[in-house]
Amino acid sequence: MGCPWPNPGSCVLLLLLLPLHPPLQVRATHPDCSIVLYFQEREDECLEAIRSESQTQSPSGQRGCRTAWDGVSCWPAMPVGQSYAVACPDVPHVFKKSKALIHRNCTEVGWSPPSPPYYSACELEAVGSSNSTEAKRGYFITMKVLYTCGYSTSLAALFLAIGIFSCFRKLHCTRNSIHIHFFTSFILRGAAVLIKDAILFSDESVDHCTMSTVKCKASIAFVQYSVLANFYWLLVEGMYLQTLLLLTFTSDRSYIWWYILIGWGVPMLTVCVWVVTRLQYDDHGCWDDYSSPYWWVIKAPILLAIFVNFLIFLNVTRMLAQKIRSPDISKNYKQQYMRLTKSTLLLIPLFGVHYVVFALFPEHIGVDARLYFELVLGSYQGFLVALLYCFLNGEVQAEIKRNWGKWQSSMESNVFYMATQDFTA
């Protein structure tokens with residue numbers, strides 16, 4: 001596609017404008033790429049017309065100009081001596097509104113140059129200086145560094161928490177098994193984001209607007225699976241807490257496989273449906289176009305999980321108040337309820353509120369706030385979960401202290417034994 005402006009700098013300016021404006025309604029595209037794809041679609045339509053025209057023979061003796069694409073507009077076939085006019089491209093926030101028409105005449109030697117030229121008829125909207133463009137680029141680089149640090153911190157904390165729950169036998173129970181699955185979903189989420197970045201942004205020469213590889217789509221599907229698993233294992237945490245309060249004397253091990261089916265199975269089924277839907281009806285780009293209507297295949301189950309968790313939140317609060325007031329419940333049971341409840345009841349609204357708020361607004365509204373909440377703060381959620389369920393858990397702290405005391409006593413005994421052996425020798 002050639003540059004229709006005499007100064008190539010005008011084309012560079014147009015390209016700099018592209019990512020800084022709201023999306024056009026061109027299929028379901030990533031906002032930063034929608035303007036590029038606007039012109040790409042027009043070019044594809046024009047090239048299709050040119051191919052169709054080349055397959056049909058023109059009447060003998062009739063001379064004229066064939067259909068042509070000049071990089072901005074498509075000029076249909078015309079007989080010699082006739083002219084054709086087009087309006088400026090209808091691209092809001094890139095071109096100023098203008099009623100001017102661009103004319104081209106079909107001559108004996110082909111199409112005449114556009115009159116008036118595009119650069120005078122279609123004036124570009126004012127755009128920030130190169131400093132503002134560099135500032136925006138620096139902002140996104142900073143954002144990427146922050147959430148990369150966040151996910152790395154979360155991964156380290158989550159692996160340590162899983163190791164603690166796995167190493168100490170006294171911590172082996174259904175409650176902590178559910179915590180381990182919850183931690184694992186966050187590990188998958190952090191790994192999925194880092195893998196996605198490695199695939200999408202490792203090569204700056206790749207055109208992300210038209211990138212549509214299997215690796216790229218698979219990385220996006222993996223991210224969605226891990227996010228779904230996050231919300232459904234939080235739902236399982238809420239369900240387990242409610243079951244613990246409702247069925248005090250029932251073995252909770254009988255429910256563990258149902259919890260696993262909900263936590264891992266429902267997200268897998270949802271992502272499979274979403275992948276098949278995209279392959280069948282919307283298989284273009286890298287599947288990261290959040291304006292696609294098929295995105296609700298992912299959104300709806302997450303909103304359902306948040307809604308159910310909110311109902312559990314209300315019900316558990318009510319039941320907990322009754323349990324604490326009851327004289328029949330022992331002090332140990334009350335402490336167990338409070339320990340698990342404080343963590344779970346904090347996480348349910350913490351994880352759900354911002355998703356509900358952003359899910360109900362179009363993707364181009366509140367982009368900076370959305371990025372900050374979903375990427376930067378979201379990257380530290382795994383660390384927060386490990387902190388609440390493991391590092392601040394009194395049961396875990398007591399077990400670590402007990403084993404640390406045993407290890408110190410063992411070391412002192414060994415040192416004393418070796419010293420006495422040396423003395424007697």
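Including glycine, each Cβ sits where the backbone N, Cα and C put it.
Automated prediction, rather than curation, is the source of TrEMBL annotations.
Record features (TrEMBL):
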- 1-28: signal peptide (SIGNAL)
- 45-126: domain 'G-protein coupled receptors family 2 profile 1' (DOMAIN)
- 143-393: domain 'G-protein coupled receptors family 2 profile 2' (DOMAIN)
- 145-168: transmembrane segment (TRANSMEM)
- 180-201: transmembrane segment (TRANSMEM)
- 231-249: transmembrane segment (TRANSMEM)
- 256-276: transmembrane segment (TRANSMEM)
- 296-316: transmembrane segment (TRANSMEM)
- 344-365: transmembrane segment (TRANSMEM)
- 371-392: transmembrane segment (TRANSMEM)
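Annotation: stretch 145-168 has the most Cβ pairs under 8 Å to the transmembrane segment (371-392), among 145-168, 180-201, 231-249, 256-276, 296-316.
Ranked by number of Cβ pairs under 8 Å to the transmembrane segment (231-249), the listed stretches 180-201, 256-276, 296-316 are led by 296-316. Note on the transmembrane segment (256-276): residues 174, 177-178, 181-182, 185, 221, 224-225, 228-229, 232-233, 235-236, 239-240, 294, 297-298, 301 of its chain, located 6 or more positions outside it, place their CB under 8 angstroms from a CB of the stretch. Residues of the domain 'G-protein coupled receptors family 2 profile 1' (45-126) grouped by DSSP class, helix first, strand second and coil last, total 15 helix, 25 strand, 42 coil.
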